[in-house]
Amino acid sequence: MPIKIPDDLPARRTLETEGVMVLGEADAVRQDIRPLRIGLLNLMPNKIKTETQFARLLGATPLQVELTLVKITNHVARNTAEGHISSFYRDFEDIKGERFDGFVITGAPVETLPFADVTYWDELRRILDWTQTNVHSLLTICWGAQAATHHFHGMPKHRLEEKAFGVFSHRNLAPASPFLRGFSDDFAIPVSRWTEMRREDIPASSGLTVLMEADETGLCLLDDPAHRALHMFNHVEYDSGSLADEYFRDIDAGLPVKLPANYFPKDDPANPPKNQWRSHAHLLFGNWINQLYQTTPFDLADVGGVAKELAA
Ligand SMILES: CC(=O)SCCNC(=O)CCNC(=O)[C@H](O)C(C)(C)COP(=O)(O)OP(=O)(O)OC[C@H]1O[C@@H](n2cnc3c(N)ncnc32)[C@H](O)[C@@H]1OP(=O)(O)O
Ligand SMILES: N[C@@H](CCO)C(=O)O
């Protein structure tokens, strides 16, 4: 239910309009509980929309969540005003001494590049290693999930012949998993990527379990207990109009993109899309927060087990 975010973060007004309970500093301290600390490393270019999407889902459970917005150290955002970044974001270098119950790493529109060509690849690898000592549970999204499964498990990223794009039916492969509690046998999830990770590349000894998969677009959600992580290759957090925004952006950029499948009514981009995935998104994030709450240490200092010295 309550999410604690800065009073002037744009997400606040949007979420209040939707009925999400948003806490200010003053109200939060009156609740005599330890909030769950969740970090969001936001690599998406549309940062304000992305903050709002994750705050909406993280703020919909009965627990108080304190959200920390994190950026790559010294990355200058091309698509977000500097004033917004300096007001609300902290560099990874500045938070690396802190501990978090949960940490989310978003997607990024860099998935056609080799990992090493992403300017912040070395820092992202350090962040992924840092989550193993300073974060209780990691959730990675789209390119973030590709990066994590590559870094932790050596899985290769494969280029697709055409963009996997649209809203696809996914299967529940692990109804007994606490992360899929309450999920139907199948459900719709938005997909938007030019690349994929493949089931046959999952190393046998990795301990990875496939929780969700789609016939058309393959792997969707992996449980990675060895790294206390969930890896989600698709975009359950997206707004109703996010795929439309990306479609028109890609068309304007001259990219060979097809109409997103199963999205615009009658496949007409003039028709506003219907949201078919909102309830699953809330269920998944609710289950993740529930698991966090059940398993995270009471004392944040104990998060991540035995602390290891961070590389300078
Ligand atoms: C058959 C075919 O060729 S299909 C080709 C498909 N190609 C692609 O998808 C190319 C990859 N992506 C892109 O071209 C573009 O990012 C698009 C089309 C998706 C978006 O275009 P634009 O909005 O003009 O991209 P823009 O230059 O603003 O970059 C988007 C984000 O990626 C980041 N980025 C771009 N290149 C890099 C890089 N090498 N390393 C790290 N970040 C990068 C930018 O910094 C920006 O993020 P920010 O706002 O946080 O700073
Ligand atoms: N789906 C995003 C990439 C990040 O997952 C995009 O098309 O920009």
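Here the Cβ of each residue, glycine as well, is placed from N, Cα and C on the backbone.
According to TrEMBL, the features are:
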SITE      Glu111  site 'Important for acyl-CoA specificity'
ACT_SITE  Cys142  active site, acyl-thioester intermediate
SITE      Ser192  site 'Important for substrate specificity'
ACT_SITE  His235  active site, proton acceptor
ACT_SITE  Glu237  active site
So if I measure Cβ to Cβ from Cys142 (active site, acyl-thioester intermediate) and keep only same-chain residues at least 6 apart in sequence, which ones fall under 8 Å?
Thr106, Gly107, Ala108, Glu111, Ser192, Arg193, Met232, Phe233, Asn234, His235
Please identify, from the recorded positions Glu111, Glu237, the residue with the sparsest Cβ neighbourhood, meaning fewest other Cβ atoms within 10 angstroms.
Glu111
Across all the protein chains here, work out how many other Cβ atoms are within 10 Å of the Cβ of Ser192 (site 'Important for substrate specificity').
24
